[in-house]
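Here Swiss-Prot flags 1-52, 181-203, 229-318 as region 'Disordered'. What Swiss-Prot records for 1-12, 229-288 is compositional bias 'Basic and acidic residues'. The coiled coil annotation in Swiss-Prot covers 49-69, 111-146, and the record cites sequence analysis as its basis. Positions annotated as compositional bias 'Acidic residues' by Swiss-Prot: 305-318.
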Amino acid sequence: MPREFSREKRSASDSTTTSKRKYREGSEDSLPAKKKKIHPPKHEHNHPSVNELKKRIRDVKRLLNRVDLPADARIVQERALAGYEKDLDDELARRHRSQMIKKYHFVRFLDRKAASKDLKRLLRREQEISNSDLDRAAKKEKLAALAGKIHAAQVNHNYTIYYPLTQKYVALYAEQKKKKKESSAQSEKPNEPEAEVVSKLIYDTTGERPPVWRVVEKCMEDGTLDLLREGKLDDGEGEKSSQAPEQKKSKKSTDDDQSTRNKSSTEKVSDKASGKSRKSGDKQDSKPKRSAAMEGAYWSANEHDNDDNESDGGFFEE
């Protein structure tokens with residue numbers, strides 16, 4: 001290879017490397033450095049652990065069962081026990097609330113969508129009637145007939161929003177597929193779909209509204225819908241208020257059952273002990289009775305033998 005060609009090749013390679021270095025190291029022509037995305041820190045929920053709270057409650061109860069515990073330490077532990085039990089109840093209630101929200105989220109969404117659609121339709125109809133050129137009497141009559149439907153639609157809409165989150169949700173609407181005729185309807189309107197999903201109120205067919213519906217209507221008048229949704233209202237809690245005395249009654253019944261079981265067990269033990277003592281006494285009493293009977297039979301047999309001996313001796317003697 002000639003030297004000139006090698007020098008040209010080297011010069012070309014040096015120029016490419018220098019151009020790359022210039023492109024990399026230069027401030028004007030170089031590409032901007034990629035910035036690292038700074039992710040915000042995740043919000044960590046500092047919820048207590050249920051197992052940890054239960055463990056603490058067991059430890060405190062075990063400590064309170066000690067007889068030699070000082071009075072001041074006992075007071076401190078009793079306060080701690082009350083606090084742990086309250087934290088446990090709050091955590092269980094929070095978990096139950098989140099579970100019920102996840103369970104009925106989609107059903108509530110569909111009901112809210114249908115209720116808002118009905119309410120908007122009725123309000124549009126009311127505006128059309130009020131802007132129409134009808135007589136005052138006819139207009140008044142139609143608006144009065146429409147006012148009841150609007151009120152029911154407003155209650156339905158608030159029912160879907162402010163239903164208590166901690167209770168089982170009872171749906172208001174049921175979806176039905178409405179099929180269309182295939183003959184002249186398709187020829188006239190070919191762009192319309194064959195089936196349409198229609199949501200209808202359940203209590204229109206059954207004639208019975210859910211029990212919470214009346215509570216929502218009353219809360220609309222009182223302005224306590226938020227309390228109803230959070231379950232802080234006496235009427236809205238329903239199940240909670242009924243569950244609390246039932247739990248107390250069940251606790252009392254369990255305590256009574258345990259006391260009766262303990263009494264029955266002690267009575268059984270005492271009956272067993274008395275039965276054993278009676279059996280031992282009967283055995284002791286039966287032993288001398290048997291011995292007396294045996295002795296009587298023995299003496300009677302001996303007397304009979306003596307009589308026989310005397311008679312035999314007299315018979316053979318002459």
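Placement of Cβ uses the backbone N, Cα and C atoms for every residue, glycine included.
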Same-chain residues at least 6 beyond the ends of the coiled coil (49-69) whose Cβ lies under 8 Å from its Cβ atoms: 77-78, 80-81, 84-85, 87-88, 91-92, 95
Stretch-averaged pLDDT - the coiled coil (111-146): 88
Distal contacts, the coiled coil (111-146) - CB-CB under 8 A, six or more residues away: 153-154, 156-157, 159-161, 171-173, 199
